[in-house]
Structure formats: C-alpha cells, structure tokens
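Contents: one structure, followed by commentary.
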C-alpha cells in the first residue's frame, strides 16, 4: 500500500477541484468466503498518511472504514459503504468523526444525522436522476447541540440569536475621543496597506479595470455635459474629467474602503443646478458662492468625523440601503433608455415617406450672388426648384418640413448596438456557471464580458459606417469657460454676508453628501460581500470632506460615492472557488480587496485627453448599453426585488426564501408595499425640479419611516425582513437578559437554603412558602444522564420487531420456494 507510485497514474484533473489541505476518508467494502458474519472497522489516524494509489488523488488519508462479510451480500455492503460516504460528507458528522473519543460518540453522531436527514421514498424518485445542488446551503449551526439541547439555565445552548447587522459593527461604535474613530480606522487599515497593492496580481483585476474605466468615463462626460448646460459652462466635461482624476486617485490611495468608486451623482447635479439658478436670480457670482458652500460643507463633515458621527450609519438599515440603491439603479436604466430614444431627435425618422413635404430656399434681398446669377428675374424665380447646393451659393436657407435630412438607419442601428451590448455583456457574464467550455475559458469570458461586448459592437458599428453618435472628449487642457481661472477668488464680486449665508445651503449639501457617501459605503461593506480587511467609515468621510474643499477651490465638480459604480466594482472582483467538485456550484469566497484598480481607473481617465482619437471612435449607444447593464446587474441579489416578484407568484411556487419560513406572506407584502411607496416618493421628489432640493431630506426621512415600522411589525419579523435598529436590538437583548436573570433567580430560590438545614433531612421550599422535609437516605442524586441511542431504542419497539419478523418470514418463504 505504501509503495512508490507514479503521480501520473492519479487523477490530477480531479485534484484541481479539491480544496487545499483536504484529507481523505477511504471506505473499503468487500466479501470473502471465510467469514460467516460481517466485520466492521472505523479508524482515525493520528497523522494523515499518503497511501499510494489507494485514493484516486494524492490526498493524505485521515479515516479508514472497512467492511468484510460473507459471500452473497455485495449489493448490501456497497449501499452501506455509500451510506458511510454520505455521513462523512455531512458537515456535522464530519466534526463528530474528528473529535469522537469512543463508539458511543460515533453512534450519537449517526443518530443526529438520522434525525435531520431527508429521505426520498424509492418509489417516488428514480435514483438515476441527478438532483441539482441548491443555490445556497443553510447554516448547520443549530444542529451542533448537546443531546439535551439545554444549558444549566434551561435555555437552548444554540438558541437562535438575532442576526447581527452593521449596527453591531465595532467600526461604528462611538469612541468618546476626539477623532477617535478616524484614528481607529487608520490603525485598522495600515496593516493591510501593503497587501492592497499585492492582491491586484490577478487577471480578474485587469478585466475589472477595463470594465470600470468605460463605466466611469461615460457618466463623467455625460454628467459633465449636463453640468455645463446647467451652469453656463462654469463647470463642464473637462472639469469633470479633472475632478475624477484628482478625487478618484486620492480616494483610492487613502480611503478606508478603496472598493468604493467616486463619481458625479444625480442628487449633486440637482444641487448644483439649484445653486446656479439662485446665483443667477440674485446677481451673485456662482463659483465664489459655491466656494464658501464647499468650505462650510467640508468643515461640517470634518467636525462630524471628529465626534464620530459616522456612527449614525447604524440607523441606516437594509430598508433604506436597498431603497436608495434601487432608486439609483432605476435611474441608470431609465437614463440609458431615454438617451437612446433621444438619438432620433438628431437623426430623425420619416414615418410617412410617400407624402410630399415642401422645401423652399429662402434668400434675403441682400444676397450678394443673387443679381450675378439671375440679373433679370432674380426675385420672381421659383425657389423650390433650387438644389441645396444652389441655395448655399445664394447664401439662402432651406425652410419647410421636406428640408429635414432623415437618417433612420442611424437611429435603428443605435437601437441594435444598445440592445446588443447589454445582451452580450449580460449573457457572457453568466458564462461562468454554464455547461460550455472548460472552467478556465468560462472564467476568462465572464471576467472580460463587458470588454468583449464593447469591442464586438464597435466592430459592427465600424463595419456599417453609418455615422452613429460618438463619444465627445475635450481636446485641450483648459477651462471650458473662456477667462475662468483655475483657482477661485473667495472674496471677489459677492457681498461679505454671502460667506455666512452659505452655511444654510451647506447644511443641505452636508446631508446629501453624508447620506450618499455612507449609504454606498454600507452597501459595499455588507457582510454578504465577505470583506476581510476592515472598514473605514470615518476615514472615508474625512477624505471626501477634504476633496470637496479642494474641488471648491479649483472650481471642479464634487465627487462622492457612486452607488451603482461601487456595486459593480465589487461584483467585478468577486472570487468564487475554483476547486469545486463536479456537480457542485462554485462557492463565493469574497472579494479581491485592493487599491490598484481604483487608482488605475481614475489615472487613465485623467489621461483620456491624450486618447481622444481612440475614444472618439466609441459609439454612444454602446456606452448606453453598458449603462443599462450596470443598472440591471446591480438589481441582482436585492431582497426588495425578490419580494416584489412574490406579488406575481402563487404561494406554492414561491422560492424557499428564509424570511418566508418565519414571516407570513401577507406581512411580507405589507413591508414591501411600504418600501415601494417610499421609493416612489424619492422618485417624485427627484423628478420635480421645484422640490428636488428636498431630496436629501427625503432620504433622511426614510430612516424615520423605518423607525416607525417598529410599531407595525414585531422585532422577529423585522429580524428576517430587515436589520434590527440599534435601540430595538439593545432592548431585545436587555429583555432577554432580564428574563434569563429572573429565571435563574427563580431556580436559585428553589434550591436548598444551607441556613435552613434540618439534620438528616433535605428542606425544599414550596410555592406556598412552606417547606417539605425529605430524609437524606431517601434522596438519590444523578449528575449525568445516560445518552439515549435512538437506533437501540427503536429496535426495542413492538412496531420495529413486527417489521423485522415479517421481513424474516418473507425471506424464508422465498428461500423455500427456491
């Protein structure tokens, strides 16, 4: 068995599917002719040993199970071996086998497995049919209990605790020290700073960079154009690119959570629009007033950091997070579709090509070429007979509905490029879990899905050559508005009192920046993402505050955490197990936490002014398709979206969501309706310009709406549907501790009082207040209870004996017939 063997004889391909440091359990069954009764042995080796080619792969053996029996029972022995293999694959029995000290411990583990196992009747299911593995495996913690299941206090040993939310996160606890939270964040992140640059060494990070580069550049330029229209080019596309380069690189280098992506957001654009309109109406200098608003905002955010007010994030639960994230996703989807439809305004479609539309050449009386070309009858000529070239030569202007140059092909090709980009990117991203190609090829295709989609659609667009709208990038390094300086003069044209008055809008800006930044940070830091390098809410807010002050000084747009971009950054860096056994779904391992992708993305965005010839070849419909992909893909995994789909499902077809096991469906629907109504209010307030300034207040109000839901739903319902609010969580724990204390005190009051001993008797207090005396020689004390073996007890029952007797008689009749 221990002879030298060639590694090439083993299944090295299967070895790639096995986790590192795995150990084997060899299960050996067989039949021999010199035994009358089966012999069974189960061995656990003190040190795992390689046993040659006994195992299919070169994995050290930890357990050996062997079963030898008489001839004629091969099928029975084979099924026993399969049963032992099933036992060893169970998480709980696996731990029992590692820690068992005697035969009784193993039997107790088998009994526990039999209590929990799901049995399929042989007549109801064909064993040859393969059962697909579940999407997610539930936790087995509740099974790891003592036989009694009770602690000395009478409580269940593994009683189900309230699920921890980010309100219990030590990163969000008030320190009571000046800048204490910021200092703790720095201490928490410094040990991982070196690994933040080493962990980038993977091809997945290259794919993430390419995807996020286009995903970040497009909204920066798009929002820059909108900002230019809203502020009369005081800030436009070029200022947005420069702000992205500065803020993105600095934030990725210094932030506590570098996976968060900064960007221009819709709420900030609304705030800038309202501020400019106010300055225009009041005759104030926009950039000067904006400078003081930015300085006050940055100062207030720094004060909030100094007093650990980022701890208020504890009150932002899943209810608020998902509502805000869903709103931003819907904005991305809506804007992507609207932008594509708006292409037909520049490239119109003639829906009635068979009708006649007039088109005349309108020439002024002062046209210089009119007398030269037509010296006699110039002004009485039929101008509708002129061609476009003739009209241009006469310095005329074509007027009439028939003069519009229709370009229907451009619009329809734009629609195809838009749909093709989204469909191809979404399909290729799902390639990782498909049945096509080897796993390595599937992983590469999935990682580079967006890049493949962009390159494919760009090639198709170039092949048609129809002149679809392209990405517009500034050509030179200069402010968009002529005469505007790079550094803003803080005391120029505006009156002195505007410095103090700027505090009022800065308070609204503070609420907006804080909610936008911290909600995104909470979503990125959720425990579902399995981040390992810690968080930095205080440090993130401090860096954003400094960047807002710098951007206000330079007259650049403010950049804060962009929800959809950050979610897609995390999703593009997710790790899944490569060593998955055949038939099992890959396990989510975590995220590649590093800083390099963020630094590289925004550095290259800053250098985009040098790549204008390349970037101008990108069709805008392709980038709108990327927008749609980001909006739709970020919806994946949102619990609110899952709950909304339940509206359209009969109850018997609903998925096995955990919260549906503990909360009635009607209550789930009520919770979802309240959340959707809040989302609708956010959408309406954002859409109506006259009240859009109240958007940050409405986001803040959602926290109070969630607080009020404590009066509508029980804490147990909210535990499964949402996160528990900090006070409610603390109150629930305090109530549980109080109840347990009362029970313990009650039990102690029932114990024997040493001061009331009667010699030779035991005094037990009764509920009536009197005592009962029991002679000591009649009292027996048992410290332990014998464990109950279910298998042995079942074998003693009359029902089991009847079944065995019937089976034995049928076997005898069969042998007699033979």
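The backbone N, Cα and C atoms fix where each Cβ goes, glycine too.
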For which of the residue intervals 183-205, 206-228, 344-366 does TrEMBL record transmembrane segment?
206-228
Quick one: sort out which of 80-124, 125-169, 260-304 is the region 'Disordered' according to TrEMBL.
125-169
Could you check which of 36-60, 461-485, 536-560 is flagged in TrEMBL as transmembrane segment?
536-560
Stated TrEMBL location of transmembrane segment, expressed as one of 568-598, 599-629
599-629
If TrEMBL is the reference, give me the range from 11-29, 372-390, 391-409, 410-428 marked as transmembrane segment.
410-428
DSSP helix/strand/coil residue counts for the domain 'Band 3 cytoplasmic' (9-127):
47 helix, 30 strand, 42 coil
Three or more CB pairs closer than 8 Å, sequence separation of 6 or more: does that hold for the transmembrane segment (240-261) against the transmembrane segment (324-343)?
no
Average the pLDDT scores across the domain 'Band 3 cytoplasmic' (9-127) and report the rounded value.
83
